[in-house]
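In TrEMBL this protein carries:
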TRANSMEM  45-64  transmembrane segment
TRANSMEM  76-96  transmembrane segment
TRANSMEM  102-120  transmembrane segment
TRANSMEM  140-158  transmembrane segment
TRANSMEM  164-184  transmembrane segment
TRANSMEM  196-215  transmembrane segment
TRANSMEM  227-252  transmembrane segment
Amino acid sequence: MTGVDLQRRVGAPYPKVPALTAMFWAVKLLTTGLGESASDYMAAGGHWILLILTVIAFAATLVWQFRSPRYRAIPYWTAILGVGVVGTIAADVVSYVVGVPLPIVVAGYAAATAAVLALWYRSEGTLSVHSITTRRRERFYWTTVMCSFALGTATGDFTAGTLGLGFVGSIALFGIAIVIPWILHRRGRLHPVTAFWSAYVLTRPLGASVADWLLKPLHDQGEGGGGIGLGAGTVTVGGLVLFVLLVAYLAVKRPDVQEDTGDVDARPVDAAVETAAD
């Protein structure tokens, strides 16, 4: 009997995150763009009540996700979408409301993300998303996700505005950057966990840059280059429709459900599991 088999018999929980399929990255990129367009729509239109309700809804979906015994598409991806909105707001408040320069904001969120990952590894001995089977690891995971969204938001604003790359330039930059971890991993030069988190952080500025390009006015040069002017409302509604369709597919077909932990916990739940794994 394998360690994973015995782990199931002693009642160890199932993974709380989806398998890393192409659909995972597609929906993840969609949520990053939706987070950008939705937060822009609410902030620019003064829809503060809707913004407050969104934050409350995010908290509720996160509680739903934590209470779920295993990964389920609807609570997980709804919570990720909520992180996209709240993470965008967190970064924008610091840089545009408080007035902290973007390079400092980027450095601050990068330090926060690195600190959470370091604490997570020190506590659990692994950063693998296949090992998100305990409440403590799940807390580390969602804290990292929140920090990475805020970091990605600030980074995208920094490249588009401060560096003057504009939206198209930022899309090209992050589009190239996001495939580098995958290439290095495929060639055996980058650990899979490092490759995952590197690409994960980069999905945020890539998706946000695409959303900004779609929604910003054509002649808006405020961030180094204009968009195509679809408007935040149109982009948000279109993105939400696509999001609902994709998540509904995942919920019904379940192609991304992990049936085992993949990477067995670095610190087994009890001595019996540890012995069997050996």
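Glycine is no exception: its Cβ is also placed from the backbone N, Cα and C atoms.
Just so you know, TrEMBL annotations are computer predictions that nobody has curated.
Bear in mind that the values here come from a model prediction, so they are computed numbers and not experimental data.
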Chain residues outside the transmembrane segment (102-120) and at least six past its termini with a C-beta under 8 angstroms from it: 91, 94-95, 127, 137, 140-141, 143-144, 147-148, 150-151, 154-155, 157-158, 161-162, 197, 201
Residue numbers, six or more beyond the limits of the transmembrane segment (140-158), whose CB comes under 8 Å of its CB atoms: 16-17, 32, 35-36, 62, 65, 79-80, 83-84, 86-88, 90-92, 94-95, 102-103, 105-106, 109-110, 112-113, 116-117, 119-120, 123-124, 129, 132, 170, 174, 197, 200-206, 208-209, 212, 223
Long-range environment of the transmembrane segment (76-96) - Cβ separation under 8 angstroms, sequence gap at least 6: 16-18, 27-28, 31-32, 34-36, 38-39, 43, 51, 54-55, 57-59, 61-62, 64-65, 68, 102, 105, 108-109, 142, 145-146, 148-154, 157, 204, 208, 243, 247, 250
